[in-house]
Every structure is written in C-alpha cells, then in structure tokens.
Amino acid sequence: MRGRGNARSSRALAVSWRPATWHPRPDMGRLSRPRSSTSHRNLPHLFLFFLFVGPFNCLASYSRATELLYSLNEGLPAGVLIGSLAEDLRLVPRAAGRQDQLSQLPERTVAERDPPLSFSLASRGLSGQYVTLDNRSGELHTSAQEIDREALCLEGGGGAAWGGSISIASSPSSDSCLLLLDVLVLPQEYFRFVKVKIAIRDINDNAPQFPVPQISVWVPENAPINTRLAIEHPAMDPDIGTNGVQTYRLLDYHRMFTLDVEENENGERTPYLIVMGLLDRETQDQYVSIIIAEDGGSPPLLGSATLTIGITDINDNCPLFADSQINVTVFGNATVGTPVAAVQAVDRDLGTNAQITYAYSQKVPQASKDLFHLDETTGVIKLFSKIGGSVLQTHKLTILANGPGCIPAVTTALVTIIKVIFRPPEIVPRYIANEVDGIVYLKELEPINTPIAFFTIRDPEGKYKVNCYLDGEGPFRLSPYKPYNNEYLLETTKPMDYELQQFYEIVVVAWNSEGFHVKKIIKVQLLDDNDNAPIFLQPLLELTIEENNAPNAFLTKLYATDADSGERGQVSYFLGPDAPSYFSLDSVTGILTVSTQLDREEKEKYRYTVRAIDSGKPPRESVATVALTVLDKNDNSPRFINKDFSFFVPENFPGYGEIGVISVTDADAGRNGWVALSVVNQSDIFVIDTGKGMLRAKVSLDREQQSSYTLWVEAVDGGEPALSSTAKITILLLDINDNPPLVLFPQSNMSYLLVLPSTLPGSPVTEVYAVDKDTGMNAVIAYSIIGRRGPRPESFRIDPKTGNITLEEALLQTDYGLHRLLVKVSDHGYPEPLHSTVMVNLFVNDTVSNESYIESLLRKEPEINIEEKEPQISIEPTHRKVESVSCVPTLVALSVISLGSITLVTGMGIYICLRRGKKHHREDENLEVQIPLKGKIDLHMRERKPMAISNI
C-alpha cells in the first residue's frame, strides 16, 4: 500500500524573476549558469511563441523567464494541490499566512484583472497523466494518474531537457526525481515563460526483493573461522535513501555462521556470510536457512529468500579396514575362478577423494600372488590356477588399501587349503540326439519325452553310494532308467519354442556319501522351423498427406517382424490387389510412396491392403490395412455460381431488406473452405451477410437519384495465404410512382398574365409546364382545368398533353377582368396516379394600370368549384425512348408474379428487356417523357417570358 501525504503536500521552494539566460536558485544560496545546450533548446520555443503573439511581439521585451520548484510525495491521490502559479509569481495576493519574499504587485485577483490571466502548458505532451493546470487560477493539482517515483525515474533515467510541456529528469549523482513543465502566462502585458520543477519525494512503498528465490553458497569444510563469503544475489529495493535496503539477517544461524553487510562507494550494500565454527562435511554437508533483507522505512518492509549453504569436500579422510585379519579355507579340488575371499575398505570422503585401489604388499610371496588373484578395484580374491599337490597349505596375503594422498590401510587374509584324498564320482554320457562338440541340437516343437542322452554314474572307489540329479532350468527331466542301476535318462518334458528360448545349459550333478560331487554341463541348442508368420507392428496404418504432393512422395515405412531366424525370418513387402496403381511399395525396405500428385477434391480417402511374406518353405504371410487421408491445401479459390448476378428491386426498398443471395462455393475443406463475402465498392450503401450470402441495402434506394448500381463482391477463403475471387452484381431499380408531377411554370399561384382583348381565338395565351421524376407511365403527364372563376373563364382551354392554354372565343367587353383557372397536373402512375395543382391567373385588359388592385384580387381566396372530370388523352410517344419505357409496366407485373414462382424463362425475359431499356436510356439519359408543346417553347424562354406577368 503506497504511503499518502497530506492534502497540501507540496509548496514552492523557490520563486525567482530573472532573464531567460540565468537560472538563479534562491533556495541553494547561489547562482548557477545553465548549460548552453538547454538554452539553445529553449530558443525555438520562445521564437515560436513570439511569432504567435503577432505584431505586438516587440512589446514583450520586458518579459522574464521564471523558475518554480515544488516538491510532493509520490502516490498522492487526484486533486492534491501542488501550488498556485498566480500566487507564487506574485500575480495575485498570497493567501493568509504565506510569506512574501518579493515585491508585492497590485492586489487584484485573477478574475479582477482585465484582461484576465491565462495559464497554459507550452505543449500538451504527457502533462495530463500526472498533473492538471487550471487555466484561470493557475493552480497545479495531481491528476488521476498516480505518480510512481520508481516508474518515472528508474525507467526514465538521465536528465531531460525542457523541450515539452512535461518531462522527467533524474540525476545520476543524486536521488532527485523531477517533473519538468513549461508554462505560459498570458495575455501579453503579463507574459511569463515559467519553468516548473516538481521534485518527487520517495516513500517506502516497495519491499526489498531478492532476484532469485533460492540462493546457494558453497563453503569448503576446512574453511577457517572468520572466513567471509559474498552472497552473490543481494536484494534490490527500488526505493532510495533510508527506504532502500539497510540490513540483512538469517532466520537460523545454526551456531556456525553470521552475516555482515558492506557498503561500497555507490551506497550499494552487499551481505557477507561469515564462518563462526569448524565445519565437517562428513558430519553435516548442508545448512538451510532464510535470509531476510530489511529496509529503513517506517514501518520497515522485508524480503526473503532461501539460503542453502553447501559444504564442499576435501581429502581429510583415509581408507580404513573393518578387520585387521580374515581367515578363509579353500578345498584342494576347487575349480579355477572360485572366489576365495573379499576385502573392503571405507573412505568417508566423496568422489575422487574416496577412490580406493587394492594391492598385495611386497611381503606377499610371488607363489601366493600367482595362486590367488586380487582385483584392485573390488578387493575380491579368486583362485587363479589349479591347486597342485606341492602347494603350501597356508598362505598369508597382506593387502593394502590405497587412497589419494593417504598412508595405505593394511589387512591380512589367511588362506588355508584343505587337500582332498578321495576320488570323485564319474559321469559318462551317451547321446541319443544329435551332438556336435558337446552341444546337443534339437528341433523346436519336438514332442514331449523326446530322449536326449543316457548317463552312467559310477564310483571309482567302488565303495560309496552315488546319487545323481539335474541342476538348471528348462523343460528337461533326469530319471533312473530301470531295470539298470546307475543309469539315468535325460528327456524333454514339454514342447520347446525357438522364439522363446534358443539355448539351454543344464548340469548333471553326481555326489557320493562322503560329500564329494562332480558336474557335467550339457548344452542344448534348438533348431528353428518356419512356424511364425510376419507380424505388422500396426495392423491398421492411418496415414495423412497434403494434396498437391511431389511425385514419388514418401508416405511411410512398413515394418513387420518375424520371430523365425535366418531366411525364415526375412520379410518382403507387397501391395494388395486393391491398391491403386500409383502407389509403390519397396519389397525390401517397406517404403511406401505415391508416384502421382493427389487431389483431395478428386478423392479424399484411400484404403487398401499390404502384405508381408517371409522366405520360409512354405512361406507365411500377414496383411495390414493402409488408410490414407489426403489433407486439404488451399489450392481452390472461392467460386461464384455465376460470374454476373442481376437483381431487380423496386425503389424505396426498405433498409436492410433482402435483395438476393450471392451463392459461392469453395472446393477446399476446413478453414480453407470457409468463405467470407464483402462488398468491394459501394460498401457504404450495401452490405452482405457472410454466412448466408444475403445482399442487403443499408438505406432505402431511390430510383430518381440513381437507377442502377454495379457492385463488385469479393469472396475470400480462410486459407494461408488466402485466395479470393470477385463477381459483378448489377442491381436495377424498378420505378414506383412515388413522385407527383412538379410544376415549373407558372412559378407561383399569385402570378398573373395580361391578356389583350384583341387576342384572336385559337391563339396560345400561356402554358403550364411540369415534369415527373418517375419513369415510364409513372412519368406521363396530363393537364386539365378542374376549376374556373372569372367573367367568362370557359373562354380558355388547356391541351391535356402539352399544357398549352389557348383562347377559344373572341373576348367581349364584358370579359374584362381577372380569370382564374385551377389546373390539375396528373401522371399515369400505377397503382395510384399522383397529381399537383397550380392556379393560372389571366387578366384581360388593355393595360395594367392598377397593379395593387390586381394584387388585392389575387389575395382573395377564390371560390372555385372543382370539376371531377379527368382528362382523357392518348399517349403517342414521339421518341423511341417512350417505346422502350413502355416495357416497364410489363416488367413491374412480371416482377410481382415472379415473387410467387420464379422461372428461368421469366428471368431471362426481364433481363433482355431491361438491357434494351438500358441501351435507350443511355441514348436519352436526361429525357424521361417528351410531350410536344405548341411552338416548342424552351424552358429558358419561359423563364424570360413572364415579362407580361406580375409576380406577387
């Protein structure tokens, strides 16, 4: 848990006013000239600021650079006041109780100054992480980012320049850790360039920590008292000063050790282990304790590690015999190699210090050395030669045990030879089975009770009873052969298997009543038969290989074993009859290969048999199954069902409605066959569902803004590297009658036109001109007069196709005045036509002498009876564009019917018709419906025509 300071844990230690080239430190009691590199680094910032203040920068010559130093503890919470720049710069009066060390400025608060003071960091940098500056009051507070002195200064390290708004500086020669800020005080008349240093004080928030949990120290067992050994892994503490590591101690000193701490010139403390007692590895070879490091904080924090003190061996022990003399006896008829005795010395040291070699003393006669052999490593004494009749009965063997750097240890072996005066029994074998050079050969699987040999047992003295028995393991039996005495038959007791055991060694033992015995060793060698078939280690071999493999690619190496020997155990390998021809199997090595390139998309799994046949007579064989799986490789790009997709969508289709499905497949498997769809262009309008391939529009589509869209959809698989393909999507919007006709002329219901009384009947007076943004029948416009008012408004008629208004009858004296015609402009849309209305005002008179009077008439709400009669017109297109557009109602009807049952013929018909309409549409791109106007009045002419119209 970090230590927390008081709410107001920082104060300004130094405030100084001086030119930018000097950095006096009142708290240090002297002036120090800064390094030139720092001044040069400050110049670009000051230059940029003077450019910023504009043409008044010449007035800033009296500005002064100022340095403020604050200090605070690390780990403080957000909102702790660090200092007030306004107060410490004497720009406002100090709070009560604060000492005034400099000249007092006029006592005005920040808010009272006009213009008000403004405080800001020279650049943002990292300041927001650790401190916040109030732009109005100039107060510095800690931010939500907790200040960790060890993270700032131990990682940042080194001195930092004043280049940014905040930087970190730590002096290698001191424990200071500074946050450096550049603050600008504005406006111009109060301008200050303030360098703020915030010294971060250390708190004891880190416990000492050893770099390793286990520390080992090795001490030789002959180390004298007061031997000092440095512990190579001292504890580390990021804190500084007294908060750092101060002392070490052991939890258990074992009354053999103590600790001391030495401090070097850099203040680093190293623990030393001091030997306080005599050590003996043979008594105790290891001491384990806990080493504890303690810092100087209040309260102190601890860190610990396991300290293992190992005692290394020195050669301080020599070999010792347990007995100074041993007595042994040996019979005179003992066989050569018989162990006679064994001596053993012990050395308590380790390793090379405990190596012992044995040797005869020079006092031992050469005859004794020739008769008894001493193993210099094990100390075993064996009979080295046959005991003759002239050999001494007693032999005194003095044996030395030699160790490195030691006086040899001595022991004596007193060997007594017991002479044998009786002749041993005799064993005479007569073999039934095939015997060569003392070895009996039997075929395996011989039947039970197969005779091997007869043995005749007799006593040369002829006065002792002789018995016989069989010694050794094996399926054999030795039994008396009656009715003869001292005759024994050796035979088998069960069938023998060459693969289980090929060789037997049995011993026929004969002994007499005096205890003398003789042995006859019988060696039996079995002969192998081809009684075992080859055996595959795996009856089912499950293999995998990546597709597009190289020719003659290695698949596996078959291995079958045959327990038989010789050629009967030699195995050859062959493919089964169901194996495809492009697989190859080496008959000798068993290496299985595939000669051609496999394609998973063509065939993924192969299953066939292989045979292993031995060379016996007759041969034996076994069969294994190969199951080969061809692994997928990303060798197939996603494939769209069609290269081009076309969809017909009615306009005003709701956002995220389903336009159509983009079908795509990928012949690969797994991740290689996963396909992700995306819209390459127009992605701001259209989106596609990756899983279903459903194409949707994010927004409602308006044919009048754009009649068709061409998209490119990309399909990307999940392979490495990924493969992709694209398809073209054409979306054609079908028109819906969603736009009423738009009247362009007259421009207002309050416009009027002067009609002279002398106008001849049949003359065009004016026109109503309208357009419709729809297409096809939805854009065919008809004009009709549905309401009239005036002296004789029936004198005027309107052409239902062109909108031209003509005078039908000659005007009379009584027709003078305002005639008002309510014109309905209607389209021929399906299913419901839309219309607009406009008021045509005609003023019959010679001149316009009183415009205000006419305007007053126009302002009155006319009482016009609406005529319900709709105009009947026949549409006679004047351009092949109208002919092409006439297909649209049929297409609309076909589109509606196709929602119930879509067939290929209907789709192709729509596609062909739309292609033809699209071709004409390109030829007359800006023409929707052409309705002839009498006299072919141009729109710009109509805009200039209302010279005779007064617009209100």
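The backbone N, Cα and C atoms fix where each Cβ goes, glycine too.
Note that TrEMBL annotation is computational and uncurated.
Some features that TrEMBL has for this protein:
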- 64-210: domain 'Cadherin' (DOMAIN)
- 219-321: domain 'Cadherin' (DOMAIN)
- 322-536: domain 'Cadherin' (DOMAIN)
- 537-640: domain 'Cadherin' (DOMAIN)
- 641-743: domain 'Cadherin' (DOMAIN)
- 747-864: domain 'Cadherin' (DOMAIN)
- 891-914: transmembrane segment (TRANSMEM)
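For the domain 'Cadherin' (747-864), the model gives a mean pLDDT of 86. For the domain 'Cadherin' (747-864), residue counts in helix, strand and coil come to 19 helix, 48 strand, 51 coil, using DSSP. Using DSSP to sort the residues of the domain 'Cadherin' (641-743) gives these counts of helix, strand and coil: 4 helix, 48 strand, 51 coil. Summarised by DSSP class, the composition of the domain 'Cadherin' (219-321) is 3 helix, 49 strand, 51 coil.
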